[in-house]
Amino acid sequence: MNIINQLTMRYMKHNKSRTIVTIIGAVISVAMLTAVFTIKASFMDMMQREAIHFSGKWNAAFLDVAGEDVDRITNKAEIEGYDIENELGFARLANSKNSKKPYLYVTEHSNHDLLAVSTLEGRLPKTEDELVISKPFMQTSGVPWKVGDVITLEFGERSEIVEGVKMPLVRQDPYYSKEVFTPEHSKTYTITGIVQAPAREYDAAAAYRAFSGLSKNHLKAGSPYTVSVEYKDYKKWGTDVYKVSDNIASNVHRVKDQVKSSGVKIEYHRNLLLYSGISNDDRFVTTMYMAVITIGTIIMIGSISLIYNAFAISLSERSRALGMLSSVGATKQQKRASVFFEATVIGIFAIPVGLLFGSLGIGVTFELLSPFIQRMFSVSEPIRIVIEPFSVIAVILVSILTLFISAWLPAVRASRITTISAIRQNKDIEMKSNDVRTSKVTRKWFGFEAELGLKNIKRNKHHYRTTVFSLAISVILFLAASSFSLYLDKSYNMAQAPVPYDVSVYVSGDDLAGVKTLTNELMTVKHVSSKVKTQKFTTALNLKEDQVAMDIAKRLAPYEGAYTLNANIVSLDDTSFTNYLKTLGINNKKLEGANIPAVLVNQFTVKEKRIFTDITQLNVNEGTDLSFSINEDGSEAKWNIQIASITDKRPPFMHHYQEDPSIVTLVVSEHGFDNMLQQMGNVHVPNYMNSEVQFTTEQSIDLENEIVPITNSYPSINAYTTNLIELRQSELDRATVISVFLYGFVILIGLICTATIINTISTGMALRKREFAMLTSVGMTPKSMKRMIRFEGLFYAMKSLLYGLPISLGVIYFIYKILSRNFSFDFTLPWVDIILAVVGVFFIVGLTILYATRKQNGQNIVEALKNENS
């Protein structure tokens, strides 16, 4: 170690307080960077595992592949594993107690593990003569099958007669009371297990799912198969996954409806690929990377400002020492190197400690959030910390860069210190004749102490600029972090479409009285937290050009001067309707007078591909009558609905976003809905109408068991039950976790900003001991001294806000533009956070000055005047 470095080490030991503060600042910086990289790696790992748990580990599925061409896919060198699927179709369940699910839907698979089919009891099937049944089948079918039973299934085709034409029904079609099942063949199976398959258990609307084995040797030429594949090291491929898949697909034949053609369609496991960092949506990926870069930049700027101030403000402490080094022959490079050596020593201590504390901090956070995260991703193990070698290297490199940038300007200033300037110490205080002039208003309004404080600020420009810069950066960072969290939360809420219920029963049929009786009976079930009954009538709505808002005019084209939209006229049960009106702040009397009054939901979020936009549909006012008409086989019905209120608040049945911007939602009471139906005349209303009862519950299985006998007692009515409890709970948990991390991010940035302000003010006060001692020696009273310092703090706070707030607005708008690339919402300012930033600056500056002045009270004037470092 050379003499310069030895002197630097001695100086750092002598000034332990400043050294410790600087190391703590660097530790915070490294810890936050470590946290960001660890959170990213851990959550990407968790989301990948969740995608695999829910849908399997396949990357691409080739649909309708001819049996003779399957080997062309499975023998490719790029393939790590594969599953071959053969759809056997519907098999009748003669003794099912759930009349709305009277079938099994059976598929054969060569590799169930690839598709997230896991056993709860028994084992997976190995041959075409073995079968596993799903968990929902055991819970609600009422069929007393068990592992080891030998059963015979009768396979066939479902169909419905529509206007004399036989129409086949597919997997997605619900059960219809008038449908016909045509047996085709039967097959005997041995039940080997009970399984759960989250992505597949509910993919057949009128059937329970069951899975059988499939041997590659039994494939039939000319028959269609789905081949799902997992690629080797696909995470390293990036978007080449899509190129490789396209190449494979172009070299095999497709069989559809017994017609053979070249090339097959591909379905990708988009969630797994996305969470592996692979997406063919460049706009979406760019937005996500820009968001991550924004977080990293905010942290880096905060860290640089904190560490830079530790070097810059205290540089005057070393100015005489550096001047003496210059007098004995130290070069500019050596003086500059002394500052960089100090930064290196700080980094040697701070980087390992920051890595450790950052990892421990995230570990504790994950431990506290473990219950939410486990439910969110349906995993039995807690979230695991993933620390990638690349992440550690990135944190170290970014930390070194941060320290280098922080030390660069002080190092340059240090290299320019000459012997004479160091002795005179005139670099920190450079004045021209007019530099310390102050307005007469300052002295008149605030007194002599305020004027003296303002002169001190102007006299020591370097310290003044450093302090104001530090405070302004703190304001900018805090508002940038809080606005980023605000907009990210908005983007998340737009992107998520959690259904507002856990279990729903969809009801339709020609017997309208029976439908109403059934839905009323469903409203009496017990195992629920809340319930909503809706009736929906769908029809066309013709509007003039001036009645359509610009958001719709940009998306749809008029025809002969008018726009044709679809209208969903939806009634709520009386209790739900009254509660909805309360959330809108509407009195029931406002809906009196009109024959059919309605609430127009005129603003909502629409999803177009991966872009989410808040739109307004209609350009109408309250009191406007909307005219409707239906002409069916010579029977015509006309009626008007009056808009009693216009809102942007979703009714309880509406999802967070819609995918069709042309659907207008009108909410009416049951009485209004009945009045509308009375005006239908001879129109066949069931063609336009359906009903639904939605429940939230904590006992979904008990509720389903309560619903099944009710729906079974109405055999002529179509009723289809959907259980989405796991999906809804997952969405709610995900929102909780994201909120915790967003608020945690803002709090951490707030702590960095607070530490920066405290470090800046307290260090600056400590460096002015000689100045304060001199003022005391010429007769300045402690009371006047305190007033002067308080006014200085006031000036610092006001000037930092004067610079910080306008720049913050620009940064906030920049963040808004980044996220609005995919999530289009109105630009709003985080007013609460702005007020908090303003109050926080004054409060923290005031508190720090109060603490610093109390430390000055007991100082010895003579000792302070003698101290060279003050």
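Cβ atoms are placed via backbone N, Cα and C, with glycine included.
Keep in mind the model is a prediction, meaning the values are calculated, not measured.
The feature transmembrane segment is assigned by TrEMBL to 20-39 (among others).
Feature annotation from TrEMBL assigns transmembrane segment to 288-311 (among others).
Feature annotation from TrEMBL assigns domain 'ABC3 transporter permease C-terminal' to 294-418 (among others). Averaged over the domain 'ABC3 transporter permease C-terminal' (294-418), the predicted model reaches a pLDDT of 76.
The transmembrane segment annotation in TrEMBL covers 339-366 (among others).
Residues 26, 29-30, 33-34, 37-38, 40-42, 44-45, 296, 300, 303-304, 307-308, 310-312, 339-340, 342-344, 346-347, 350-351, 354-355, 358-359 of the same chain, all 6+ positions outside the transmembrane segment (386-409), place their C-beta atoms under 8 angstroms from a C-beta of that stretch. According to TrEMBL, the feature transmembrane segment maps to 386-409 (among others).
Among the features that TrEMBL reports, transmembrane segment is placed at 468-488 (among others).
According to TrEMBL, the feature transmembrane segment maps to 740-761 (among others).
TrEMBL lists 745-860 (among others) with the feature domain 'ABC3 transporter permease C-terminal'.
Annotated transmembrane segment per TrEMBL: 793-816 (among others), in sequence order.
Non-local neighbours of the transmembrane segment (828-852) in the same chain are 471, 474-475, 478-479, 482-483, 486, 750, 754, 757-758, 761-762, 765-766, 789-790, 792-794, 796-797, 800-801, 804-805, 808-809, 812; each lies 6+ residues outside the stretch with a CB under 8 Å from one of its CB atoms. The transmembrane segment annotation in TrEMBL covers 828-852 (among others).
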Are there residues at least 6 beyond the ends of the transmembrane segment (339-366) whose Cβ is under 8 Å from a Cβ of it, and what are they?
4-5, 8-9, 12, 19, 22-23, 26-35, 38-39, 42, 307, 311, 373, 382-383, 385, 387, 392, 395-396, 399-400, 403-404, 406-407, 410-411, 414, 740, 744
